[in-house]
Every structure is written in C-alpha cells, then in structure tokens.
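Record features, source TrEMBL:
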{"type": "SIGNAL", "residues": "C:1-22", "note": "signal peptide"}
{"type": "DOMAIN", "residues": "C:84-170", "note": "domain 'Cytochrome c'"}
{"type": "BINDING", "residues": "C:Cys99, C:Cys102, C:His103, C:Cys137", "note": "heme c 1 binding site"}
{"type": "DOMAIN", "residues": "C:184-277", "note": "domain 'Cytochrome c'"}
{"type": "BINDING", "residues": "C:Cys200, C:Cys203, C:His204, C:Cys245", "note": "heme c 2 binding site"}
{"type": "BINDING", "residues": "C:Arg241", "note": "substrate binding site"}
{"type": "ACT_SITE", "residues": "C:Cys245", "note": "active site, cysteine persulfide intermediate"}
Amino acid sequence: MADGAKPRVKAPKSASAGEVVTIKTLISHKMESGQRKNKDGSVIPRSIINRFTCEFNGTSVIDVKMEPAISTNPYFEFEAKIPESGDLKFTWYDDDGSVYEDVKTVQVG
Amino acid sequence: MDFTRRDTLALGAGAVALTVLPFRVNAAGEDAIAAFTGGAEVAEGGVNLDAPEIAENGNTVPIGVSAEGATAIMLLAMGNPTPGVATFNYGELAGSTMASTRIRLAGTQDVVAIAKMADGSFAKATKNVKVTIGGCGG
Amino acid sequence: MNFKALTAIAALMVAAPALTFADPDNDTLTINGEEMVTKAPLPAHLEDSMLTEIMSGWHFRNDDTQAMQMDDFDNPGMLAVEDAAAAWDTVEGTAGKSCASCHENVEDSMKGVRAVYPKWNEKAGEVRTLAMQINNCRTENMGAEPYKYDSGPMAAMEALITVQSRGMPVDVAIDGPVADTWEKGKEIYYTRFGQLELSCASCHEQNYGNMIRADHLSQGQINGFPTYRLKNAKLNTVHGRFKGCVRDTRAETFSPGSPEFVALELYVASRGNGLSVEGPSVRN
C-alpha cells in the first residue's frame, strides 16, 4: 500500500494566537483488516495504518493508536490550539513500515 | 388489483427477512478495557459518545467522542471479533479532548468510549448501534 | 402489478415496525455551500408513470450518510477525483498524449459534459455513455488500453468529469437519433426479470419510500453517479449498480457496457432530467 496512500488535510491557513482550530484529515488506504477472506477462502493479510499523529512545531496535538476497525480511507476530525505561527505536521504509520506525511503552515497575527 | 404501497408492505409483515444482524459479545472487549484501565474502577458519565442509533452500513459508521479533562479516550466495538477501534492520546496542544472518525461494526452491538482523566480516574459511555443488512440493489 | 410480483416484493419488505415506512426527507442538499436541486417536477415523458415528482437518492439516506456528501472533504469519493486529475495529465499510449494534450483544462473543457450524457455521437452513429467516450478517446486518440468498463480508474475519470457539471441540471436528449435506444431502455426498465419477476419499476417506481430488507428504496436515479458506497468503500459506476439490481431479482444480468445497459442508462438518466448532477455522491 506504500504507493497510492495519499493524505489530505483541511486546516486553516491563519489563526489568532491561542485560537482553537478544527482539523480534518483523510488518507486513501484500504485498511485491510486481516479478517476478510478472498474468493479461494484464504485470509487476506492485515495491512493497515496503525498510528496517526499531529504535532505543531514539534509539540503533540494528538497521537492515535489505530486498529483494523477503522474504516477504509481513515478519517479524523479533532482540534488543535495554535499558540504561534508554525507548522502542523501530520504523520501516518503503515503496517508495512511506510510513513506518509503532510505539513500545513498556519500564520498567526 | 389495486394495492397501495402501504398494503404491499402489510403483506410483507408475514414473510420476514431478518432486519438486523444479531447482537454479539465477546470477552475480548472486557480484556481490552482492563488493559487500558489497569483494572481501575470506571465511572459512568462524563464522556460523550456520538453514534447513530441505526447505521446504514456497518462498513463506515461515523463516531464522535469527547470528554472534558481527559488525557486519552479509547474507543471499542464490543461485538467485533477484535474489539479495539482506536485510542486517542491528547497532547499539550490539543484544542479540546474530542475526536471523530469512521469505524467498522460487524453487526449490531455496543460501542464503548472510555476516558482516562488527568487525575488518573476513568469514565465511560456506551451506545448501542443497530447495523442493518442493506445490500439489496447490489 | 400482478399478484406474483406483489408477493415477491412483499417478501422482501421488512417487518420491524420502527423501520418499515420512512418517507424521503425534506432536507436540503448543499455541497460546499452550493445548493443542489434534489426534487424536481416530472419530466414530460414520465407523465403516465406512477411518480408525481422526481427525487435524488440522497433524500433516502440517513443523516450521517447524507452529511458525507455535503462537503468535498468529507466525501471519500473525492479521493478518486484527485487520482483522476493526475491521470488526466499523464501521458499514456502510442500517440504520446494525455487527456490534457487535447482537452487542456478539465474544469473548462468538461463543464456541462456529464449533464447531457449518454448522448448521440454523430460520427460513430451510436449512443455513447461517458464511459464509452472516455474509452474511445483512450483507444482512438491516445493509442492506450481502454479502461475496464466498470473499473476503479474508469469510475474515477467519470467522477472527475462529473464534478465539472455539479449543480447543473441533468438534460439528456430522448428524441431524434437516440429515440430507438431510449425506447429500448424504457422497455427494459419495465420488464420483469428473474425468479422474483421484478422490474426496475416494481421497486423504484411503485415502492420507493418503502424499506426493503432494511434498505430505504429510492427512485433509482443516476444523477449522483458515480457513487461512493459505504458498503464497498469505493466509487461505483452506473452499470455496476444496474448489475447488482438485476442480480437481486435472481435474474441473469447483462454485462457492464452491453447495448442493453447503455440503453437502460440513457432511459434512467432521462428520468432524472431536471435534477442536479450530484456526483460523486455518497450512498450506503
């Protein structure tokens, strides 16, 4: 799944100091649960994104442990406090070792 | 013959197709809770769990959680073969202790959210979600 | 409707009282703040049908499913649109061309296209669905392999082209050179298929609004295609959906891209003349 996983992030480009902003993220990924069987009856091996993190200028906003029960194309909505201008960094960790990243800059002032 | 739509429906009441997948429970859910709480007491209330009463499809069920003063919230689908869904760990710059996501439910069951509070206590909310078998029309 | 068809339908209907009858709702569909027409007056050709008004399938879904279509960010179908936007610019085939080589900007060149498809192609002397036209460009203009008719890449390219017409009224022609095909499609629509002896109309014209096996029956409109279905978590094409519907009557189904399904698509599209192009929509 290393190729084809594409992150999308919706975050405001600007905020006032200390403002709480809403963030939405979506990434294309099958999230194969390891519980499905294919036509010949063999189990399709698990392949999921198992962790998602969001940091602002290196400080954690949220760190999510993900299990196979998260739907295909994982979606999260949460809130971050923006103390100053800087970068929101988003990271998704795949079972296969791949890491997908996205960065959004937020201006304060 | 002149049937209205509702008459047609009444005829159907005799020959029923199962509406809702059956409720399931397994012990794994309780185990997962114990692992998260370390066996500590879990209070009811103080956690908001936003889930549909009836989900149109178990494959993509929107769920929202929030708990004032939480440092982490664990979400469980008690009737799934593997009950764990996600654990949200809130950092210093979390704007609030809420999160929404979309989850898979293998049938009608209880969804549980357990919040770990800053003072080390635990609180919980439970919601039953009915999962319908649609699937008609391909 | 004859009695046998009635009992077949009845047998599929649900008994749980809380779920049995749920009228389509009166919510308003806005997508990224733009209001869509989801209920419209009957097109003239439907005046002898049992419908009184035409309605998008969106009204028959529950609030959560509806909400996923109201903002492009929440709509997972838009992921496929992004894939197709990349494919649009990708050179493929022996002619060394991409879609963009000839059509440039998809936003401008494809605006309004979805709303009038399927339509007559004068040069080829045939009714063409959007999928047929896309494949025609791939094979004839690019020297590339055609997409499989109801495959993911095809659904994605259809979605990219569809988005450029979003909010415009469906307006497919039913007369002139397409009249014969349209009549054939209409005939298929009202033909009872399978062991259950059900036609498209048995479900989508006579029983829309009812619950069938816990599914809220819509008018079976295609103004929202391609649709992202929660069930299989991907974009679904019109013919893919037709196939599933015919299979549910326990009949042998036509194959995607077959002349029968092309005719049926033209006819079903025309039943939605006046509704907004809504694709990619979100359905259960």
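The backbone N, Cα and C atoms fix where each Cβ goes, glycine too.
A TrEMBL annotation is a machine prediction, not a hand-curated record.
Locations of recorded TrEMBL features on the structure.
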residue: C:Cys99; record: heme c 1 binding site; DSSP class: helix
residue: C:Cys137; record: heme c 1 binding site; DSSP class: helix
residue: C:Cys200; record: heme c 2 binding site; DSSP class: helix
residue: C:Arg241; record: substrate binding site; DSSP class: helix
Top Cα neighbour of C:Cys137 (heme c 1 binding site) in the set of binding-site residues C:Cys200, C:Cys203, C:His204, C:Arg241: C:Arg241
Distance from C:Cys99 (heme c 1 binding site) back to C:Arg241 (substrate binding site), taken between C-alpha atoms, in Å: 27
Check: same-chain CB within 8 A of heme c 1 site center, minus C:Cys99, C:Cys102, C:His103, C:Cys137: C:Lys97, C:Ser98, C:Ala100, C:Ser101, C:Ser109, C:Asn141, C:Met142
Cβ-based isolation winner (fewest other Cβ atoms within 10 Å) among the binding-site residues C:His103, C:His204, C:Arg241: C:His103
Binding-site residues in contact range of chain B, given that the Cβ distance is under 8 Å, out of C:His103, C:Cys137, C:Cys200, C:Arg241, C:Cys245: C:Arg241, C:Cys245
Around the Cβ of C:Cys203 (heme c 2 binding site), the count of other Cβ atoms that are within 10 Å: 25
Residue among binding-site residues C:Cys99, C:Cys102, C:Cys137, C:Cys245 with least C-beta crowding, 10 angstrom cut-off: C:Cys102
Secondary structure tally of the domain 'Cytochrome c' (C:184-277) (DSSP, helix then strand then coil): 34 helix, 16 strand, 44 coil
Inter-residue C-alpha distance, C:Cys99 (heme c 1 binding site) and C:Cys245 (heme c 2 binding site) (nearest angstrom): 33
Neighbourhood of C:Cys200 (heme c 2 binding site) by C-beta distance under 8 A, where only residues 6 or more apart in the same chain count: C:Ile188, C:Tyr189, C:Tyr190, C:Gly220, C:Cys245, C:Leu264, C:Val268
Inter-residue C-alpha distance, C:His103 (heme c 1 binding site) and C:His204 (heme c 2 binding site) (nearest angstrom): 37
